[in-house]
């Protein structure tokens, strides 16, 4: 009997050690990626071992840790969904025994804990530490700046605690809420994080529809649009003549050069395919939200809720199995990217847009806090909108507002309506004509490739005709004439 107890304790010990190692490896990868991203945008400074350099380095490490936690929050639901499908497909495989419910719950709890730590402690400390100079009359140095930072943190904590206490007393005006001031850890911190999660969800609701419509413009700027019989050499020559007078023309010349260097497949196929993928992803998201609204009206189980069940791999939460799980994961990443694009597209947050090698530490702190709020609200938003049926684990499923039917229904309705309006406004007749033209270019390109094996080839001549009254208005007229080859055939 004692040997069995020892064996069980050893198994539990090894399981805990294995989980800690896996969590550490995942965090190390996220930390390295986050450090590379931040150093790419951070403004370069002189590598001097002075006081400001030490402060900047400490703030950089805190921002890197926060960005790593943001990446962990984004990966929570995709990792949980794919783990559930793997355990369903290979229930008794020896090599995936490390993948279990205890590991998944541990990841959710750790991400929730460190997200709170970054949001309430590390990021305020990094900002105050960066802006501190020490109290008047004290000796200048790191110690005086640290002391001032801790004093500012203490005052900020008292201010936030007072605001939360007053808000909770106004919302729930009973004796229990008034006397729960001493219950800081069990009531006020979860309540505060629930409020911040609601703010993050509202921020996602505001940014994601804007980002979904903005993605078409961004991808149009990154990709080479298809063209037919366009003389790129002449355009490069004309733009080159004006590059000394207008700096914007220089960017235009580089863009035309990129279009010229692009392959034929990239010119004619990549742009319309990417546009169709974006349109399909957005349409599927809106349809899933519409279906979730119907489920909310007829079924109470459609409400988002938390789960404490540590069992994983028992049942599939996707109707179509692995295919639907992959689609859900892709949609989650798509919504996250769209929300970030929409966040930086809003005029209110344009000042936080990072620039390569020219972003101050204060701006980086603001970006890290914003991305942390967005990424922490992503699992909640995905479950609230019905993108996935995977229940929220850990503290993510304990938010008070998740059980309010009217808030959840209003959230779904607003997302569906605002996203549809943004798409209708963005996807105008001009873009539809451009997309149809690009699709027509695909068939022309395929037909021209097939005609290379025939005896007939074509040569095109393009002329630019300017408007007689408006010198800025012009059109391109192209003529195509056949040229017959006279190759000899050996019989």
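Each residue, glycine too, has its Cβ placed from N, Cα and C.
Which of 58-82, 233-257 counts as transmembrane segment depends on TrEMBL, and there it is 58-82. A Cβ distance under 8 Å defines the sequence-distant neighbours of the transmembrane segment (20-38), meaning residues of its chain 6+ beyond its ends; these are 60, 63-65, 67-69, 71-72, 98, 103, 106-107, 110, 364. Contacts between the transmembrane segment (361-381) and the transmembrane segment (102-130): present, as 3 or more C-beta pairs lie under 8 angstroms, all at sequence separation of six or more. If you count C-beta pairs under 8 angstroms between the transmembrane segment (191-212) and each of 58-82, 102-130, 317-349, the highest count goes to 317-349.
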